[in-house]
C-alpha cells in the first residue's frame, strides 16, 4: 500500500490538544490493522529541545536512538506501538542547519538559496524519509495557524497534495469552539476565522476536530461545515474528557477514523477497541480504590515537565486496578521549611530527575524520610543519585558525600562525571542519551518486576555512580541490582530491608504505555497499594 499522509494543524489557541488528537487517531487506525508512524514538526529555531528550560518547553522525551524530542512524541508512543526515532521530530533550526550545510558543500550549484523551494523541499524530504515502511504517516505541525514561524512548514505540506496526489493526503485541523458563559452559548466564529486563515495559505482542511466544553448540536455542526467548506460528517466534536485515554473512544464514536479511511480510500478491518475500553473501565471504576503518590521535584509548578512520569504512574494504577492520586511537592520548599506534615499521608514517594543544585537537599531529606519510615520509594535519574548520596551520608557515615556536579571539591563524590563526558563543553546533544542494556541481579526488586535478567532502558545524564565508593556502600547494605556491564556502570540501586526502595539511573517512564504498563511502575504502585493496606 502506498503511504498516506495526514497533516494535523491547530488554530485559535496553543495547547489545544493537537498531539492528543494525532495520537488518538494513530491508535484508532492501528486498531484497524494499519501500520502507523508519527512525526512532529516544531517551528522554533533551536536544533532540539534538549537545552530548553522545562518551564518553557515542558518535558524532553528521549527516543531509543538518543533523540531529545518534543513531549508529543511521548503521546504518540504511548497510544500506538510505534517506536519513534531522530527522524520523528525536527525543528526550523534543524532544517536551516541542513540547508546551509548543503549550500556550503556546493549542492545547489551556485543558485540562490531560498525558502521556496530549498527550505520547503528539505521539509518534504524529512517527512518522506520518516514515513518509509508505514501505511499511514501522521504529521503534526507545531504552533498555531497564523504564526509567522509556521509558514514554511504549512507551505511545504500544501505542496504535498500536488506532489503525492489528492488521494494520498488529508488535512486535519484542530480548532476551538469556546463556550461563552455570559451568553450561555458556544461560538463558532474563532473556528471560521482559523479555517479562513488556513485556506488563505492554500490548505483546505478535510476534517475539523472541534475542541469544546460541551457537545456540539447538529445545527452548529452544519453551520461550521457551511462556513468552513467541509462535509457536516467531517465536523468532529472533541468534548473535554474525564481522562485522556478516553479520547480515542470518544473520537471513534464521532466517526473520526471512519472519515479518515473513507477520504483516503483505504479498506481496513473493523477496529478492535476492546483493549482501550478495558483501560478506560479500570480508570473510571477501579476495584482497589486509590493510592496517594508524592512527586518531590523542582519543576512542580509546571507539571508538563513530568508528563511521561505522571502517565507512567497512571499506567501502574491501571495494572493494579487502582486510581493514582498525585501530589506535587517542591523540593526547594522542603529544603527551606522542612518536611513536617507534608508526607505523612502518602502511600509512596517518587523523586524524579532534574538538573542543577537547587532543591537537591530537599530531595535528600525526602529520601531519608521514605527510607526510615519504610514508605515505598522510587528514584529516577537524579532521584537515584540523591538516594545514593543520602545512603552514603546517613548509613555509611560519609557526612560530606555529594555529587561532584554540585560540589566539585567534596571529599566523597559518590556521584561523579562520566569519563567520556570529561572535556565535553558543548551542551546540546552531548549527554549519555538513548537506550542501553542493563543486567539485573536475580531476586532483586527490579528483577522480580521485569521477570528477566536482561533489559534495555533509555538514558539522559552526564553523571554516574562512582565505583570508588562501591565497597563501602555495598558493605553497609546498598544493593547494586542493575549494571551496564560494558562500562561497569551502576544503573539500579536498592535497599532490601524495606518494603520497596529502588533507584534507577535511566528513565523507565519513556517506555510505559496504558496498554503495556512499565514493570517498575507496576511494581511501585503495587508496593504503595500494599503499604496503604498495611
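Cβ atoms here come from the backbone N, Cα and C positions, even for glycine.
What Swiss-Prot records for this protein:
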| type | residues | note |
| --- | --- | --- |
| REGION | 1-266 | region 'Amidoligase domain' |
| BINDING | 14, 147, 148, 149, 187, 188, 189, 190, 191, 192, 223 | CTP binding site |
| BINDING | 14, 187, 188, 189, 190, 191, 192, 223 | UTP binding site |
| BINDING | 15, 16, 17, 18, 19, 20, 72 | ATP binding site |
| BINDING | 72, 140 | Mg(2+) binding site |
| DOMAIN | 292-534 | domain 'Glutamine amidotransferase type-1' |
| BINDING | 354, 382, 383, 384, 385, 405, 462 | L-glutamine binding site |
| ACT_SITE | 381 | active site, nucleophile |
| ACT_SITE | 507 | active site |
| ACT_SITE | 509 | active site |
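Overlay of Swiss-Prot feature records on the structure.
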residue: 14; record: CTP binding site; Cβ neighbours (10 Å): 11
residue: 17; record: ATP binding site; Cβ neighbours (10 Å): 20
residue: 18; record: ATP binding site; Cβ neighbours (10 Å): 26
residue: 140; record: Mg(2+) binding site; Cβ neighbours (10 Å): 27
residue: 188; record: UTP binding site; Cβ neighbours (10 Å): 21
residue: 191; record: CTP binding site; Cβ neighbours (10 Å): 27
residue: 223; record: CTP binding site; Cβ neighbours (10 Å): 17
residue: 383; record: L-glutamine binding site; Cβ neighbours (10 Å): 26
residue: 507; record: active site; Cβ neighbours (10 Å): 22
residue: 509; record: active site; Cβ neighbours (10 Å): 26
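Cβ packing within 10 Å was compared across the binding-site residues 19, 190, 354, and the lowest neighbour count falls to 190. When the binding-site residues 187, 189 are compared by the number of other CB atoms within 10 angstroms of each CB, 189 has the fewest.
Of 187, 223, 385, 507, all annotated as recorded positions, the residue with the shortest Cα distance to residue 16 (ATP binding site) is 187. In the three-state DSSP reading, residue 187 (CTP binding site) counts as coil. Among the binding-site residues listed (191, 354, 405), 354 has its Cα nearest to the Cα of residue 72 (ATP binding site). Residue 507 (active site) is 7 Å away from the residue listed as 'active site, nucleophile' when you measure Cα to Cα. Residue pair residue 385 (L-glutamine binding site) / residue 188 (UTP binding site) shows a Cα separation of 52 Å. Cβ neighbour count for residue 148 (CTP binding site) (all protein chains, 10 Å cutoff from its Cβ): 8.
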